């Protein structure tokens, strides 16, 4: 049986609360007497392997490149399920969230580019394109517990399409120094994985081995290794409409989603949201990077999402869902501006300068908080039925 949509919504909303707690802890550590120890622990070198094979990375890199692959694996399975059996199955139901997601990615990128064109920091154009599904659904659950189901479905579908867009951006624009032989090896592994899927092979061990080989091939090949997690998720057998409830994809998603939501993402937040707040960091929000990210998330997201949805409805390409007002799309767009984890992840890929990265993180947190507050106010207003 497919996971009930309401259960998925509640789990993502609960995850958002846990993420918030860990993000606050990270910021507390970064602004405490233990700040130096916090940074030192994140840069501990950890090695895995034996003999001639030894892979060494800092703890932060193991989290961002390794542990986050589990998160992207779950995202890959979620995307596959939604397009095959879920809310994104039929073209009529996908057009509105897909168009809104595209608008919500293009507008922030354009606003960021306007502030940073001609500067080295132009590389951060992808940072404000992301939406944090857990945080956005968590705020929606708090602000509008009786929101029309169509609004919840729209925001969830939009965030899933947004995740897919973010994955493509990472794969195409934030991969560098490509190494042909490693990528060919990765392509060969991927072909085997999809062959196993076509044969409906149910061995978790085979997919685990294949995923590990694919992750290492991408790491060596210059493509961000978390993309291996997404592709592995796409390769897991999903069954048919009748058998999906007993499929390997359904079983793995059911088992791993709580681990991804309540362990992987909180650990990522704890290790990446540590921002030292002082006069300098606040002042840096007025730099092109800070202004570009804040404008992209706080203004670009709601504008792009609302205008895309409103345009399709006004042109009668799609109908306004039952019980939904056009203002709901503006509220959903505001919540879409909560970039947080995905934006932090892309920022870590986009910026190599530590000071610029810290500015980006500060701007992401500030814009996400403002977007959350604005979205909350909008949905509270809509719930009261104020004209």
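The chain as shown is numbered from 1 upward.
Each residue, glycine too, has its Cβ placed from N, Cα and C.
Predicted automatically and left uncurated, TrEMBL annotations should be read as such.
The transmembrane segment annotation in TrEMBL covers 53-75, 95-115, 121-144, 151-174, 180-197, 204-236, 289-309, 329-351, 363-382.
Beyond the ends of the transmembrane segment (95-115), by six or more residues, the same chain brings 87-88, 122, 124-129, 131, 154, 157-162, 165, 288-289, 291-293, 295-297, 299-301, 303-305, 307-309, 312, 317-318, 329, 332-333, 336 to within a C-beta distance below 8 angstroms of the stretch.
Sequence-remote contacts of a segment are chain residues at least 6 beyond its ends whose Cβ falls under 8 Å from one of its Cβ atoms, and for the transmembrane segment (329-351) they are 19, 23, 64, 68, 100, 104, 121, 123-124, 126-132, 134-136, 139-140, 144, 151, 154-155, 158-159, 162-163, 166, 169-170, 174, 224, 265, 268-269, 272-273, 289, 293, 297-298, 300-306, 309-310, 357, 360-361, 364-365, 367-368, 370-372, 374-375, 378-379, 382. Fewer than three CB pairs closer than 8 A are found between the transmembrane segment (53-75) and the transmembrane segment (180-197), and contact between the two stretches is not assigned (pairs 6 or more residues apart). When Cβ-Cβ distances below 8 Å are used as the criterion, the transmembrane segment (180-197) is approached by residues 203, 206-207, 210-211, 213-214, 217-218, 220-223, 228, 231-232, 235-237 of the same chain, each at least six residues removed from its ends.
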